[in-house]
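If you look up Swiss-Prot, you'll see K59 marked as N6-(pyridoxal phosphate)lysine. If you look up Swiss-Prot, you'll see S190, G227, E264, P265, G266, R267, Y379 marked as pyridoxal 5'-phosphate binding site, on the strength of similarity to another entry. According to Swiss-Prot, the phosphoserine annotation covers S293. The annotation substrate binding site is assigned in Swiss-Prot to Y321, D322, D351 on the grounds of similarity to another entry. For C350, the entry in Swiss-Prot reads active site, proton donor, with the evidence type similarity to another entry.
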Amino acid sequence: FTFLDEGFTAKDILDQKINEVSSSDDKDAFYVADLGDIVKKHMRWHKALPRVTPFYAVKCNDSEAVVKTLAVLGAGFDCASKTEIQLVQSIGVPPERIIYANPCKQLSQIKHAANSGVRMMTFDSEVELMKIARPHPKAKLLLRITTDDSKAVCRLSVKFGATLKTSRLLLERAKELDLAIVGVSFHVGSGCTDPETFVQAISDARCVFDMGAELGFNMYLLDIGGGFPGSEDVKLKFEEITSVINPALDKYFPLDSEVTIIAEPGRYYVASAFTLAVNIIAKKIVSKEQTGSDDEDDVNDKTLMYYVNDGVYGSFNCILYDHAHVKPVLQKRPKPDDGCYSCSIWGPTCDGLDRIVERCNMPELQVGDWILFENMGAYTVAAASTFNGFQRPTIHYVMSRPAWQLMQQIKEQEFLAEVEEQDVASLPLSCACESGIEYPATCASASINV
């Protein structure tokens, strides 16, 4: 890392990068990612959910710098495939800090998990149990149960999870196969908007624990999944959710139950850390007569169509697959007398579906101007393609020196509770490209005794 002087912010770095390419024809889209924001999120997590160990959902954003940062902080990792397991283990994360949290796995990838020492994994069907039994008899299994995800933005229970009735049958089958069922997992859906969903799911998990005890299983691990917001522009704030989860955990899984509790946050850690800068590569002015608009609120005689160099086949795939609603932010402050026009923003590909914003009001911009999109860290870079030959944006990482020092303190002490609280909200930032990042060896504070 190259640390910058005190007083710089991520926005300053973004403006600096824009200035650097302003005289060039190659005004490619790029990200600025504040890794210090991830450190702050980690501190916030442990304050709000002190009993719950985070296992970061790698699928949300698999950027190596993000994974390395969380590894140093002592987080565990929720992996869904052989490739994700390889990524996490390549940076020195021990298998005890990995859960293979995909209930439907390819047989060859189950074998890879066994050969890699990854024992914790989820299942939700008899077929999956039988697939696991032969290649991975020492697996430590969590039964994934279904939840009421009707209040989630991205629903998962239609695809994954066993009902309570089916759960007993699966536990009995696992007993016959001599497999170890060590716990229960669930996921209330991504973008959960009703914290009471967690309460019901935790209650259901308690029922399954009791079933397991009746059958002689030693169940000691509860995985409460994800569904936690990663930005502040949401109706239900993070602490509003955790204030409901904590009493439910204390009620159904009190401390003396000796149950270890983990979760699978993804967007919580990375959404707000990433800001995307896109450049206007083309512009079209459409008269009101051409649009056929009779909207009385549309007082201007034209609408504007902007074409930018990233789209729904790239970073904005989150619009299609994650139900995201992105908000454009002007890079330059408009003049007081600048008028506003009805605008739409489109991606660079030849597909007519490549639309980022259907309608918004902005001052008139020109080709070469920049538009920013905040909260772009979740389910963006991980699923971006190179359709039509358009490349993925470069990522520039920033972090403050005090945040870096705090991260080292957490690593060395291994217990977050021993780290003196620090206010890192207004710390100076540093900048480095992903390829130049070096991290010390990771700690093992998130290990689960399996």
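Any Cβ shown, glycine's included, is placed from N, Cα and C.
Note that the structure is predicted; figures quoted are calculated from it, not measured.
This view paints the features noted in Swiss-Prot onto the structure.
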{"residue": "K59", "record": "N6-(pyridoxal phosphate)lysine", "DSSP class": "helix"}
{"residue": "G227", "record": "pyridoxal 5'-phosphate binding site", "DSSP class": "coil"}
{"residue": "E264", "record": "pyridoxal 5'-phosphate binding site", "DSSP class": "coil"}
{"residue": "Y321", "record": "substrate binding site", "DSSP class": "helix"}
{"residue": "C350", "record": "active site, proton donor", "DSSP class": "coil"}
{"residue": "Y379", "record": "pyridoxal 5'-phosphate binding site", "DSSP class": "coil"}
**Prompt:** For K59 (N6-(pyridoxal phosphate)lysine), which of these recorded positions sit within 10 Å, Cα to Cα: G266, C350, D351, Y379?
**Reply:** G266, Y379
**Prompt:** Given the binding-site residues Y321, Y379, and counting only Cβ atoms in the protein chains shown, which has the most within 10 Å of its Cβ?
**Reply:** Y379
**Prompt:** For R267 (pyridoxal 5'-phosphate binding site), which of the recorded positions Y321, D322, C350, D351 has the nearest Cα in space?
**Reply:** D322
**Request:** Count, for each of the binding-site residues G227, P265, G266, the other C-beta atoms lying within 10 angstroms of its own C-beta, and report the residue with the smallest count.
**Result:** G266
**Complete:** Spatial hits near Y321 (substrate binding site) (Cα distance within 10 Å) out of the recorded positions G227, E264, P265, G266, C350 come to none
**Those residues of the chain, 6+ apart, with a Cβ under 8 Å from that of E264 (pyridoxal 5'-phosphate binding site)** = P54, F55, Y56, A57, D78, I99, A101, H187, D223, G225, G226
**Prompt:** Of all the binding-site residues given, D322, D351, which has the fewest Cβ neighbours within 10 Å once its own Cβ is left out?
**Reply:** D351
**Message:** For a quick check of packing: other C-beta atoms within 10 Å of the C-beta of R267 (pyridoxal 5'-phosphate binding site), how many?
**Reply:** 25
**Asked** Just counting, how many other CB atoms are there within 10 A of the CB of the residue listed as 'N6-(pyridoxal phosphate)lysine'?
**Response** 19
**Asked** Taking the residues Y321, D322, D351 listed for substrate, what is the greatest CA to CA distance in Å, to the nearest whole number?
**Response** 19
**Request:** Quick one: of the recorded positions D322, C350, D351, which has its CA closest to the CA of G227 (pyridoxal 5'-phosphate binding site)?
**Result:** D322
